[in-house]
Amino acid sequence: MDAADEKGETPQISEDTAHQIGVDPWYQVGFVLTTGVNSAYVLGYSGSIMVPLGWIGGTCGLLLAAAVSMYANALLARLHEVGGKRHIRYRDLAGHIYGRKIYGLTWALQYINLFMINTGFIILAGQALKATYGLFSDAGVLKLPYCIAISGFVCALFAFGIPYLSALRIWLGFSTLFSLIYIVIAFVLSLRDGITSPARDYSIPKSSGSTHVFTTIGAVADLVFAYNTGMLPEIQATIRPPVVKNMEKALWFQFTVGSLPLYAVIFMGYWAYGSSTSSYLLNSVTGPVWVKAVANLSAFFQTVIALHIFASPMYEYLDTKYGSGRGGPFEIQNLAFRVVVRGGYLTVNTLVAAVLPFLGDFMSLTGALSTFPLTFVLANHMYLMVKGPKLSAIQKLWHWLNVVGFTALAVAAAVSAIRLIMRDSSTYHFFADV
């Protein structure tokens, strides 16, 4: 009997779901994970990670973050069938182990995490649209808030037509294609610029003591954000048995082959432009207008698909809780429900994105408030709670060090991100055309 049962605090967890469970092969789940890692966010990491950390700090940080992220996600994957049943939602797993209060806290953290990620995706899609427009016109009529509104509308149209995560299927192939297009173009154009340009400055930008510390902490939060979804149990819920073995295959795919494009574009972008690298790499590269337009539009369409992945836990909750539960996903009442409910959710996302279009700050705050706690703190502590009696003293100490260390990093990163948002909010007005 687990601790929550002993206290009589186990929440009433429903195993019902309106979405498909246990039907996807491991490689499809691997592509879902890879879609998140190689989303258009990668076009910002040269500026948000490498510039503040430099060659040594950035390279070591990326490799170390990959290692600890793989480890933490593997721990979480091994807990998927605790108690003899599948836990298809992160909050269900936490509720089974800890009880009702942590069930609610985990739910809140996860949905803050996913809301922030989705807001960032809409900002990113808006930036890609604006960059495309800027290639063909310098009139400045199509401003960022308008591009964000268009992006939110397209994301909503896609959400209406894709009822659940497993239904992405062929769209994951399109997502991979779009990712390869903008990554290859960014890589090649950066390489060409780097060969022809004079020596770059790779020194870490100078700033006051406190500003430098907060910027460095923000970059560390971005490192964690780059590899993690904050919704591993929901993704694992779609995989075929054996669920732990197959999920470990998918994770190995994500952190080996799946991460190579990410490294390629980050390092090439920083090599080519040094400390002047833009927060959106395609704004730094030079080349044929049509090539840059293809890259930006590919980033836009890939972002639409990636957002759907990170919105799927919210969709699953809304569909299961409030949907009719009758007929197929494209019955008129179910389609109308998605239009109203998902459209409303994405309208709020889009409004927040337009009001505060500070992409880097959202990445840092998301990493601090939820990615650190969900991926590292809770994963290690839940593993201690479940496997504790079988662990040696050294193993227990290791997991406790992870819990304490990542808790401290989460607090520091949250303070840093909030400070950055306050600074940028004072520099730019709401609905800023940044």
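Cβ atoms are placed via backbone N, Cα and C, with glycine included.
Any TrEMBL annotation is an automated prediction that lacks curation.
Annotated in TrEMBL:
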DOMAIN    26-421  domain 'Amino acid transporter transmembrane'
TRANSMEM  53-76  transmembrane segment
TRANSMEM  108-129  transmembrane segment
TRANSMEM  141-163  transmembrane segment
TRANSMEM  170-191  transmembrane segment
TRANSMEM  211-230  transmembrane segment
TRANSMEM  251-273  transmembrane segment
TRANSMEM  293-318  transmembrane segment
TRANSMEM  339-359  transmembrane segment
TRANSMEM  365-386  transmembrane segment
TRANSMEM  398-422  transmembrane segment
Item to check | Touch test for the transmembrane segment (398-422) and the transmembrane segment (211-230), at least 3 Cβ pairs under 8 Å | outcome: yes
Item to check | Residues from the same chain, set at least six apart from the ends of the transmembrane segment (251-273), whose C-beta lies under 8 A from its own | outcome: 26-27, 30, 33-34, 37-38, 42-43, 45-47, 49-51, 55, 58-59, 62, 66, 69-70, 73-74, 77, 179-180, 183, 186-187, 190-191, 193-194, 197, 200, 202, 226-227, 281, 284-285
Checklist entry - What stretch of 53-76, 141-163, 211-230, 293-318, 339-359 shows the most Cβ pairs under 8 Å to the transmembrane segment (108-129)? => result 293-318
Checklist entry - In terms of Cβ proximity under 8 Å, which residues at least six beyond the ends of the transmembrane segment (211-230) contact it? => result 33, 36-37, 41-42, 45, 48-49, 52-53, 58, 61-62, 64-66, 69-70, 72-73, 90, 110, 113-114, 117, 204, 255, 259, 262, 309-310, 360-361, 363-368, 370-372, 374-376, 409, 412-413, 415-417, 419-420
Next on the checklist: Let me spell it out: take the transmembrane segment (293-318), skip the flanking residues so only those 6+ beyond its ends count, and list any with a Cβ under 8 Å from a Cβ in it.
Outcome noted: 17-19, 32, 35-36, 39-40, 43, 89-90, 110-111, 114-115, 117-118, 121-122, 124-125, 128-129, 131-132, 135-136, 151, 154-155, 158-159, 162, 164-165, 168, 171-172, 174-175, 178-179, 181-182, 185-186, 229, 231, 234, 282, 338, 341-342, 345-346
Item to check | Positions on the same chain near the transmembrane segment (170-191), where near means CB under 8 A and six or more residues out | outcome: 28, 31-32, 34-35, 38-40, 42-43, 162, 261, 264-265, 268-269, 271-273, 281-282, 284-287, 291-292, 294-296, 298-299, 301-302, 305-306
Checklist entry - Taking the transmembrane segment (339-359) as the reference, which of 53-76, 141-163, 365-386 gives the largest number of Cβ pairs under 8 angstroms? => result 141-163
